[in-house]
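Asker: What TrEMBL records for this protein is below:
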- C:77-261: domain 'ABC transmembrane type-1' (DOMAIN)
- C:343-529: domain 'ABC transmembrane type-1' (DOMAIN)
- C:20-40: transmembrane segment (TRANSMEM)
- C:81-103: transmembrane segment (TRANSMEM)
- C:134-157: transmembrane segment (TRANSMEM)
- C:177-204: transmembrane segment (TRANSMEM)
- C:216-237: transmembrane segment (TRANSMEM)
- C:243-264: transmembrane segment (TRANSMEM)
- C:284-305: transmembrane segment (TRANSMEM)
- C:351-369: transmembrane segment (TRANSMEM)
- C:399-422: transmembrane segment (TRANSMEM)
- C:456-477: transmembrane segment (TRANSMEM)
- C:484-503: transmembrane segment (TRANSMEM)
- C:509-528: transmembrane segment (TRANSMEM)
Amino acid sequence: MPRAARSGGPVARVHRSSLLLIYLLLVAALAGCGRTSPVSDSAEETSSTAGPLRIGAIPDQDPEVLQRLYGTVADSLADALDVDVEYVPVTDYAAAVSLFRTGDLDLVWFGGLTGVQARLQTPGAVPIAQRDIDEEFHSVFVVNSATGLAPSDDLAPLAGLRFTYGSETSTSGRLMPAHFLTEQGVEPGGFPGGPGFSGSHDATLALVASGTYEAGVLNEQVYEARAAAGEIDPSVVRYARTPAYHDYHWLLGPGAIDRFGEDLPDRLTGYFTGLSAEDPADAEVLELFGAGSFVPTEASNYDQIERIGRDLGLVN
Amino acid sequence: MRLTDLEVRFGATTALAGVDLTVAAGERVAVVGASGAGKSTLLGVLNGSVPPTAGSVRVLGADPAGLRGPALRRLRARTGTVHQHLELVGPLRVVHNVNAGRLGTWSAARALRSLVQPQGLDDVRTALDRVGLADRMFERTDRLSGGQRQRVALARLLVQRPELVLADEPASALDPALADQALELLAGLAADRGGALLACLHDPALALRHCDRVVGLTDGRVTLDAPASALTVAGLERFYGVVR
Amino acid sequence: MTAVRTPPVAPRLRRDRRRWAWGLGGVAVLGWSLAGAGLFSGPVVNPAGVRQFGRFASAALSPAHDAEFLGVLAEATLVTVAYAALGAALAVALGAIGAVGLARTTWGRRRAGWTVSRSLLAVPRGLHEAVWGLLLLNVLGLDPWVGVLAIGIPYGAVTAKVFADLLDEVPRGGYEALLAAGAGRGSAALYGLLPSAAGGLLSYSFYRLECAVRSAVVLGLIGAGGLGYQLALSFASLRWEQVWAAVYALAALCMLADLGGRAVRRRVAAPRPAGGQAPTRDPLLTGAVVGSLALMAWSWWFLALTPATLTAGRTLDQLGYVLRAAWPPAADGDLLAAVAVAAVDTVQMSVIAIALATASALGVSGLAARRPGAGPGRWALGAGIRFALLLLRAVPPPVWALVLLFVLLPGVLPGALALGVYTLGVLGRLVAEATEEVDPRPRASLRVAGASRLGGWLYGVLPALSGPVLALALYRWEVAIRDTVLVGLLGAGGIGVLLSGRIAAFDWAAVTTVLATIVLLSLAVDLLSERTRTALR
């Protein structure tokens with residue numbers, strides 16, 4: 001930055017001083033070749049060193065939570081496994097899947113559907129662990145109070161309302177709700193004017209609060225967190241809760257197993273399931289994830305999600 | 001029209017200094033002088049586009065610098081100016097450029113309507129006929145030659161029907177016959193409404209033929225003020241020569 | 001001189017049929033688009049959402065400013081600057097090379113070659129930077145090249161076209177004289193064409209840098225890092241205070257780039273008088289060029305770019321993976337029907353957006369234009385409007401789409417208005433600059449003859465302005481077609497919904513079909529605006 005800022009300066013004897021400046025910059029640029037990029041770390045990778053373990057997550061949380069969450073997790077994981085761990089931020093569900101496929105991300109906190117997409121596109125990927133709450137995850141349907149609907153288990157009245165999902169490939173904001181709507185005879189792609197895709201759980205809440213959409217569906221964990229913080233608009237009514245399904249889990253890519261050894265999946269599973277609420281450092285990680293503990297998981301837990309995904313044309 | 005001890009400065013440059021000039025209704029005054037002597041500035045003061053730095057200005061019984069809003073618009077509508085660079089709008093049809101002379105009296109709605117459905121066509125046609133351009137009425141102005149454009153500017157003045165006519169080199173792009181015709185038009189226009197004509201002219205012969213009084217400017221000061229009958233073409237040329 | 005003798009035959013007012021046909025056609029298309037947006041069939045406004053909109057608007061007055069977030073923003077700003085600088089540099093380089101292949105000068109009478117080379121450009125040009133970013137992300141992974149190429153490729157194509165036009169517009173006399181004197185085509189162009197075109201080329205290059213800053217932010221939205229990434233994270237959880245802080249940072253960057261570009265353009269338009277015997281350089285222009293080179297070198301260092309990534313085995317593997325998955329394009333009936341419906345929505349959205357932006361831009365142009373010698377009140381008003389326009393274009397279209405969706409019911413309209421508001425930010429500035437270029441004397445002379453403000457503007461400014469404004473509006477129309485991709489979500493409709501849906505499902509064959517449709521649409525709009533311009537000239 002200081003180098004660039006000074007460049008407007010040489011005015012009087014432009015000729016010689018500008019050549020000097022270019023020379024200095026070239027030197028700086030060459031000297032900087034060993035530098036790591038502020039946006040990625042994948043540039044330098046040799047077979048002699050394993051490089052860092054790059055972890056990431058689908059972006060469905062508060063940014064500052066994501067930053068803190070994965071900073072803490074990276075430190076804790078690095079201590080436990082004695083490898084360099086680095087958190088790589090991603091803003092897009094599809095991008096997280098693609099980067100897992102390309103090997104830019106080694107260990108990713110995926111949602112149920114994105115995990116299936118990533119596993120199918122990346123042969124050799126292994127599910128590592130899920131939270132205790134992910135075994136029994138729920139979504140909640142919300143309606144605007146102007147609809148006059150009272151909480152119920154009957155989803156049929158939603159069919160006539162303007163309705164929004166969250167992100168298109170969100171398990172809790174789209175896939176499973178669509179499945180449960182179908183079970184109750186509501187066409188998930190129906191709704192007056194077609195369903196909207198708000199893009200995030202918070203946007204769904206705001207759009208239902210404004211009345212633009214009369215109903216919507218989102219992740220129960222996010223809903224509870226917002227409710228606890230008193231951030232939910234009074235015009236939003238919690239209408240129904242879906243049955244339980246499997247959701248988020250850690251998925252490990254084959255590239256990392258090649259680099260760190262065949263025992264990496266077991267070591268990682270051991271690390272996550274060994275996190276204990278008794279230990280203060282562990283407790284911090286668990287709290288950030290909103291979990292009591294982590295438990296092992298396996299690919300077959302997501303067979304239902306894969307099937308529904310195929311029905312909805314989200315898994316090829 | 002009366003100017004008293006008029007002074008105009010642009011920053012450090014003094015364009016006009018100590019100018020006293022009175023022009024009565026019906027007079028036809030030629031303003032002569034070298035380039036940069038202050039002729040255009042003088043016209044600017046009279047039509048209110050240049051504020052005087054000092055001194056007093058009375059035009060048609062009012063001070064343009066002291067008026068605002070509709071009153072100023074009314075005064076300006078009574079003063080007609082032919083500019084040296086014509087200030088026509090190229091992409092507009094001739095008819096609109098002529099009608100633009102009436103914007104001082106037209107409402108905004110009428111001005112807008114006229115752009116779609118030209119208003120007052122008879123007056124425009126008469127005016128263009130008088131300058132010999134009736135057949136070009138609906139042509140785009142930027143397709144005309146320099147001399148034709150100058151005549152469009154004259155036609156604009158004809159529909160404006162001002163009492164005081166100010167002209168800055170109104171004949172510079174015209175051949176001698178047309179130049180005479182143009183000045184006759186301007187003089188007639190001023191006479192119609194009982195007003196005065198004030199024209200900056202480069203051609204001494206033209207000045208003497210069409211005006212009854214000649215005012216000469218040198219470096220922003222009045223250095224000559226005499227009836228046309230007292231001057232000769234040769235004498236006026238000397239006036240230019242001295243300055244050059 | 002001859003006209004005096006012509007018998008005065010009173011001509012009749014003959015309307016230019018072609019102009020009227022195009023004009024009426026334009027009105028009809030706008031009416032069709034508004035009808036498609038549901039404006040004439042039921043309510044479109046959602047008054048209950050005013051409170052949510054108000055939260056967004058009032059946060060503008062209290063942007064996040066805690067030290068930690070500002071630190072994050074500062075680092076992000078550097079990334080954005082680096083992307084913009086390298087992206088623009090790549091665009092200018094590609095443009096310079098491409099211009100040779102596109103200029104009529106190169107092809108002479110061989111029209112076929114010229115036509116083919118122009119249509120080849122439709123592919124890089126027709127896809128939005130964000131789309132390029134998504135595609136490149138799948139091939140290059142998280143490499144900083146993604147951001148640089150995503151700006152450089154589409155911008156390069158546009159730049160090549162503009163450079164070629166600039167070269168073609170230079171008077172040919174000198175060039176042909178050199179050819180006649182036996183100079184080779186290359187050196188004849190170097191001496192006979194380039195010097196005359198240099199000013200225009202330089203001005204345009206700096207203009208591209210300003211645009212690249214905004215594009216770099218859009219790229220952040222798809223995960224390429226920088227200000228846009230921070231903005232996207234804050235946007236996803238609706239932290240409006242943080243969103244505004246990022247918007248202000250972006251606005252400041254745009255303003256800097258704008259000031260620099262403006263200084264260069266002004267100097268190019270009015271060069272300093274050369275004095276003395278020795279050849280001198282203009283310090284401002286030299287400083288700008290040297291400064292830009294320095295900025296590029298720093299950006300290269302800061303992003304730690306290595307050309308090796310582009311040819312690495314992994315890159316080729318991934319390219320192969322994507323190409324195999326994407327070919328052949330999907331052509332099943334359901335998809336094609338959906339594409340057709342979405343294409344209609346897209347066209348309607350873009351038409352509404354452009355109509356809104358053009359009308360409003362003309363409306364504020366008189367006040368937004370700088371007028372030398374005006375009083376302090378007028379200056380403050382102008383500066384305020386210019387700042388408002390800057391904010392309109394600093395807030396990315398997807399953010400506009402969501403906040404407008406609070407107060408409008410779902411459909412084409414919120415997306416169209418979001419695009420319209422954003423385009424107004426860009427177009428308002430361009431039209432204001434065009435207003436500054438208009439000869440002020442006709443208006444002044446009308447005012448002196450007593451015309452009102454409006455009358456003076458109608459007769460003295462608007463006629464001279466309509467040509468440039470039409471050209472700008474048509475150019476932005478083509479851009480708006482591509483931009484509909486950004487606001488497609490949220491049930492706003494248009495081809496963007498289809499694209500993001502197919503990308504989310506990793507249905508590459510369908511993505512190919514949708515992208516091909518977008519390219520064809522923008523090509524069609526390009527051809528149509530070319531014809532409109534010719535007809536109305």
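For all residues, glycine too, the Cβ spot is worked out from N, Cα and C.
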Asker: With pairs 6 or more apart in sequence, are the transmembrane segment (C:134-157) and the transmembrane segment (C:243-264) linked by at least 3 Cβ pairs under 8 Å?
Answerer: no
Asker: Is it true that the transmembrane segment (C:399-422) and the transmembrane segment (C:456-477) have 3 or more CB pairs under 8 Å, sequence gap of 6 or more?
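Answerer: Stretch pair does not touch.
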Asker: Who are the chain neighbours of the transmembrane segment (C:216-237) in space, where the CB to CB distance is under 8 Å and they lie at least 6 residues beyond its ends?
Answerer: 72-73, 76-77, 79-81, 83-84, 87, 128-130, 133-134, 137, 144, 146-147, 150-151, 243, 246-247, 249-250, 253, 396, 398-399, 402, 486
Asker: Does the chain bring the transmembrane segment (C:81-103) near the transmembrane segment (C:351-369), so that three or more CB pairs sit under 8 Å (pairs 6 or more apart in sequence)?
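Answerer: They are not in contact.
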Asker: For the transmembrane segment (C:20-40) against the transmembrane segment (C:509-528), do we get 3 or more Cβ-Cβ pairs below 8 Å once near-sequence pairs (under 6 apart) are dropped?
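Answerer: The answer is no, given that the two segments have fewer than 3 Cβ pairs within the 8 Å cut-off.
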Asker: Go through the chain and flag residues at least 6 beyond the ends of the transmembrane segment (C:284-305) whose CB is under 8 A from any CB in it; none is fine as an answer.
Answerer: 78-79, 81-83, 85-86, 89, 144-145, 147-148, 202, 206, 209, 260, 263-264, 267-268
Asker: Taking residues 6+ outside the transmembrane segment (C:351-369), which of them lie with a CB under 8 Å of any CB in it?
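Answerer: For the transmembrane segment (C:351-369), the list is 29-30, 33-34, 37, 381-382, 385-386, 389, 412-413, 416-417, 419-421, 423-424, 426-436, 457, 461-462, 465, 469, 473, 476-477, 480.
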Asker: Should anything in the same chain at least six residues away from the transmembrane segment (C:456-477) have a Cβ under 8 Å from its Cβ atoms, list it; otherwise answer none.
Answerer: 350-351, 354, 357-358, 361-362, 365-366, 423, 426-427, 430-431, 434-435, 437-439, 442-447, 525, 529, 532-533, 536-537
Asker: For the transmembrane segment (C:509-528), give me same-chain residues lying six or more residues beyond its boundaries with a C-beta closer than 8 angstroms to one of its C-beta atoms, as numbers and ranges.
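Answerer: Residues 119, 122-123, 125-127, 131, 325-331, 335-336, 339, 343, 346-347, 350, 477-478, 481-482, 485, 495, 498-499, 502-503.
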